[in-house]
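S.K.: Handing you a structure now.
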Amino acid sequence: MSNTAVLNDLVALYDRPTEPMFRVKAKKSFKVPKEYVTDRFKNVAVEISNRFGEDDSETVTIDSVPLPDLADILTLGREENFSLFIPKHRNLSAKLINIFLQAENPKHLLSIACYAHDRVNPYLFIYALSVALIHRKDTKSLKIPNQIQTFPDKYFDSQVFSQGKEEMTVVPQGLRRPIEIPRDYTASDLEEEHRVAYWREDLGINLHHWHWHLVYPTDGGEIVTKKDRRGELFYYSHQQIVARYNFERFCNALKRVERLTDWQGPIKEAYFPKLDSLVAKRAYPARVQDMTMQDLDIPGQNIKVDVDDMIRWRDRIYRAIADGFITATNGSKMNLDDVTGIDILGNIMESSELSPNRQLYGNLHGFGHLMLSYIHDPRSHHLEPFGVIGDFTTAMRDPIFYRWHAFVDDVFQQFNGSLPRYTAEQLDYAGVQITDVNIKTPNAPDNEFRTFWQQSDVDMSRGVDFQDPGSVFVRFTHLNHEPFSYNITVNNTGNGVQEGTCRIFLAPATDERGNPWLFNNQRVMFVEMDRFKVTLRQGQNTITRNSTQSSVTIPFERTFRDLDTNRPAEGSEELDIFNFCGCGWPHHLLVPKGTPDGFKAQLFVMISNYADDKVEQDLSGSCNDAESYCGVRGGKYPDKRPMGYPFNRVARQGADTLQRFLTGNMIVQNCRIVHSDRTVRPRS
């Protein structure tokens, strides 16, 4: 069996994940050793395999190998929900990841995975296998299916599945119609927060959050957790999520999200997710209005944490920021300086295994998610599962996610506010002056973005178990924008060619009341649009950059990539890149929605000195086209500056507005975002 064939066989394990291995998967019929078959099916496996086998299926014979000890891992039942916020689940996933990482080669891994497949909780199995495949050198070129294909129940209303199963059972392949999801299916317009549900519940955003945490696990050993500036990237990627959400709120006449700081008062936001777990066979619980966070005691999950614990952890972190150092497990002091301090703080806040002292600083971010997710049954009296905020895959659907992360980001901003302010000389680039910038959108006035609604189809058949094979599509509506380009005029008065990093950000022009911004309020509202290297010859230079080249986003086709289509050649560099780059922000949400009369925004462009920005490394064959939020596979973050530069610190004395903050290598352009309430039908 060739290595390519084995890799394809590993991908087949994602097909219909709750079905046993002896059922045909992705047109492959797996013949597993008898000892691999669970007791439930030992007497019927061959008969069922023959009955449901497909005539054109390929037979894959699995070798018998020494079997791993799964005893601890099996303490999580097959029909339970799985959450990486639950420490017990994190530990179990780390154990399974290490079992998969220690396999001698892909063929050995396939055999172990086939054994684990029918025993381990499906959510846990797919997560651990995905992390292992991404981080093993001999499988990193494997194209991992996106989670919509594997577990569509985490993305679609439960009504979709009854319609889908009917379509798959009754209607022949080729005659099936897409099942359309209404844009407003979780609440009515009477609910104010529902104005931005199209953004929170967007499939691409939730896939991005899932994939980011797949690439940056909190546990599993250094091979999967120890990545360059991962704590800082946790801070920055989530800060940008909150900033983008606030931008979207402004476009819908909502004020900035309020930080969740009162942990003993009522929470006004309710949320009813309308999702059912097809693995746990239970609905995700709702949260009604005015519930309060309470001490958690969930014996079945070994969770016991009090609100007072959270307050102690918060206060210790604030004290560390004020003191300028944290205390490591061995009692030594680690300075929170202006280079590594934000990274250390990020590891503490996320509470990854890179945290210098989990015992002292706790798990503030993670247990915040858990307290909110069990708010309906904090002591497990009713044996209710956690809500959507307790799962990376579904958390961004819930309005409370953004209130919690507004608090988390405020902790980081407390630290950023303690750092030395950039001087004008530090920000400037001698000899480089930006004289003009404009945005070009086809058939639109200069400096105007245009957005609209787009309908797209995604195949969910691979995640619908125990049904006849064949595609069944779900049609959903999402925001999109017209392609555009930046045209930047730069004057280089230096003695020769200069190299720089062009940094492009966008922010609302005024606050929610229509008042001019103070710089230190506006700086956290800027969303990164692009970052790229430029070469400036002497004299005037014109830089043109297309929106599709953004360092923040990945294309629509990669966000919703299919197992079989758009696949690069086996063994090619493109295939390795294709897989890791599933992490980027969805391109269809690069531009905020805007308003019909044109939402006023400010485009900020800066060119910094590349000599101060560059990181020496070979990026050939690495994924770096969505580097801003996801970094570079197997390499260092490709910008030496702090993430979010130059908006990561409080402004210098006297620079109380954006205009006063500017130096010669910066420019601001007023622009508008015009939304057309039209819907474009699916792409062919």
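Note: Cβ is positioned from N, Cα and C throughout, glycine not excepted.
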S.K.: Have a look at Swiss-Prot and say which candidate in C502, C581, C583 forms the disulphide with C630.
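M.R.: Among C502, C581, C583, the record in Swiss-Prot lists C583 as the disulfide partner of C630.
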S.K.: Considering the Cu cation B binding residues H365, H369 given in Swiss-Prot, which of H213, H405, H478, H481 is annotated for that site as well?
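M.R.: Site partner of H365, H369 for Cu cation B, according to Swiss-Prot: H405.
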S.K.: Pick from H194, H238: which one does Swiss-Prot list with H209, H213 for the same Cu cation A site?
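M.R.: Candidate listed by Swiss-Prot for the same site: H238.
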S.K.: Just to verify a number: CA distance, N330 (N-linked glycosylation site) to N81 (N-linked glycosylation site), in angstrom, no decimals.
M.R.: 36
S.K.: Around the Cu cation A site recorded as H209, H213, H238, what other same-chain residues have a C-beta within 8 angstroms of the site's C-beta center?
M.R.: H208, W210, W212, S237, I241, F392, A395, M396
S.K.: Quick one: which residues besides H365, H369, H405 have a Cβ within 8 Å of the Cu cation B site's Cβ centroid, in sequence order?
M.R.: H238, G366, G368, A395, F401, W404, V408
S.K.: Which ones are near N546 (N-linked glycosylation site): of the recorded positions N91, H213, N487, C630, which have a Cα within 10 Å?
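M.R.: Checking Cα-Cα distances against N546 (N-linked glycosylation site), the recorded positions within 10 Å turn out to be N487.
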S.K.: Please report the three-state DSSP label of N330 (N-linked glycosylation site).
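M.R.: Going by the DSSP assignment, N330 (N-linked glycosylation site) belongs to neither helix nor strand, so it counts as coil.
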S.K.: List which of the recorded positions N81, H238, N487 have their Cα within 10 Å of the Cα of C583 (disulfide bond), in sequence order.
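M.R.: Within 10 Å of C583 (disulfide bond): none of them.
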S.K.: For N416 (N-linked glycosylation site), list the number of other Cβ atoms lying within 10 Å of its Cβ atom.
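M.R.: N416 (N-linked glycosylation site) is surrounded by 23 other Cβ atoms within 10 Å.
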